[in-house]
Amino acid sequence: LSQDDPLTNLNTAFDVAEKYLDIPKMLDAEDIVGTARPDEKAIMTYVSSFYHAFSGAQKAETAANRICKVLAVNQENEQLMEDYEKLASDLLEWIRRTIPWLENRAPENTMQAMQQKLEDFRDYRRLHKPPKVQEKCQLEINFNTLQTKLRLSNRPAFMPSEGKMVSDINNAWGGLEQAEKGYEEWLLNEIRRLERLDHLAEKFRQKASIHESWTDGKEAMLQQKDYETATLSEIKALLKKHEAFESDLAAHQDRVEQIAAIAQELNELDYYDSPSVNARCQKICDQWDNLGALTQKRREALERTEKLLETIDQLYLEYAKRAAPFNNWMEGAMEDLQDTFIVHTIEEIQGLTTAHEQFKATLPDADKERQAILGIHNEVSKIVQTYHVNMAGTNPYTTITPHEINGKWEHVRQLVPRRDHALMEEHARQQQNERLRKQFGAQANVIGPWIQTKMEEIGRISIEMHGTLEDQLNHLRQYEKSIVNYKPKIDQLEGDHQLIQEALIFDNKHTNYTMEHIRVGWEQLLTTIARTINEVENQILTRDAKGISQEQMNEFRASFNHFDRDHSGTLGPEEFKACLISLGYDIGNDAQGEAEFARIMSIVDPNRLGVVTFQAFIDFMSRETADTDTADQVMASFKILAGDKNYITVDELRRELPPDQAEYCIARMAPYTGRDAVPGALDYMSFSTALYGESDL
């Protein structure tokens, strides 16, 4: 319907009334809607038709409702009866099935199975029984409700089928709970019993496993024959090990007794797997008895073997104590007999021969000792054969065998005649060497003093002042000729020395001279005569070049020789200083004097050898006594060229000197740095001193 469309609303009402209520259509909707005041009677007639239609329908409905209500109550009661019957039947059936299960007391063999039964019982209490309790309660509620409804509806009381009364159900339920209570007690008792059995069985298995693990391999170990090949130390170690095993065996006795007690208890508690427990226990006990017997047997065998090996060990020790020094004696003897001796004198070879003869005298006693040592070894062999001892190895105290002793003894016997022959040959060789020593010594004792004498004579000639330098030179050349003529004797001595070297002779008591001494002396003699001749020649050149007279030369020599106190032909620094002071030089002990002496030493000893030769002395003295100083003269000349200035310029050098010499000076002169210096000024003073080695330029 629509509030805004009354025409449609009226047409719909008229159509529904005609179709469903058998009310004919009396008015048109348009006449009602389109008329300001419709016909009141017509409207009332139409409305009364609706009233009569609805009033008749309500009476029929009321009658139908009453019938339906009665039937519904009856149907509901019947349904409750059916539900009660079915629920009672199902509940009784469940109780009937459950009680035998709860009354079943058949025990299980394993804790796991009993735990499963307990778990099933807990499921029954937790999952299966609560719904049944609810059903029983609901059954009672339904029964009481049904009886009340029947009474209120004036119906007769409900009588369930036989055996399905509430009291029957309560009786059955009581039987269920009684069975349930006994079942739970039985389960707990059975679980405790199995728990005890499982604990005992596990304890039995653990102890049995530990014992079996300990005994594993013990029988094989006790049956070993390792003592048959063991040494005495190994036997003693085996005995200690066996004693430790016996202690261990005794300690395990308690475990075996515990295993037997547990097996007995399992039998008394009717353990389901008692046969296997009994079999295992019996096996352990039998094995234990066998271990005891094997242990006793092994101890007897070890003690018997120990006694035999102790006897053998004593013999081994005695053998080793005597064999070791005897073997050392033989090795020492072989070493001495094969020693490649080196002797240099007759006395030494005679000493070796005497010692060898003394050694040969000891051989008979040594052979007796050898026989005694072999007898000890033979005694050991006899014990081994008699008692069937299986020796594991050789003598632990020594590695020396009888075979080695016999072999070395035979070797010693073979070496003795070889040593006799070698000593005889060496004796003959030493006699020949002695002849060579005497021959060399006779010549060396002549040549050595001759060379020394010539050296002294040449030294005297070089420092004497007899005659002129030319006379000294002639005298020295005559000496040189006589020295050269002496060379064949040196060569002859070299030949004898070669024979001595080939004979490997290293000392000679017949002379203090060696060939090396002779060679060095000869070479020094040749060097000295040549150097002395050269010094005299240089003195002549110096004398002639500087105009030194013979008297001045003699004075220089006299001064030099006077201060050459050790006659070495040279002056040391202190000797040279004393000589300079005697000649009038002012050299004090102050710093200035030391500086002046150092300057002079740098001139006479430029190589810093620490000595002043006579030639250097002559050069210095001739230079010091000259009329002008060369460095000063050069500086004075440069000063003239420079116009009396302290410096000189490049232009002045190029103007006054030849080109090459001017460029030489320009390249080597240092810049002048004085106060009066001008650009390009050169220092001619330092250049002049450098020309004569008097500066570091």
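From the backbone N, Cα and C atoms, a Cβ is placed for every residue, glycine too.
Here TrEMBL gives coiled coil for one range in the set 70-97, 322-349, 630-657, 658-685: that range is 70-97. Here TrEMBL gives coiled coil for one range in the set 25-59, 235-269: that range is 235-269. When the domain 'EF-hand' (592-627) is classified with DSSP, helix, strand and coil residues number 24 helix, 2 strand, 10 coil. When Cβ-Cβ distances below 8 Å are used as the criterion, the domain 'EF-hand' (551-586) is approached by residues 459, 462-463, 465, 469, 539, 543, 593, 596-597, 600-601, 604, 610-614, 617-618, 621 of the same chain, each at least six residues removed from its ends. With a threshold of 8 Å between CB atoms, the same-chain residues lying at least 6 positions outside the domain 'EF-hand' (592-627) that come near it are 535, 538-539, 542, 546, 548, 553, 556-557, 560, 569-573, 576-577, 579-580, 583, 585-586, 693. Counting only same-chain residues 6+ beyond the ends of the coiled coil (70-97), those with a CB under 8 A from a CB of the stretch are 132, 135-136, 138-139, 142-143, 145-146, 149-150, 153, 155, 158, 160-161, 163-164, 168-169, 172-173, 175-176.
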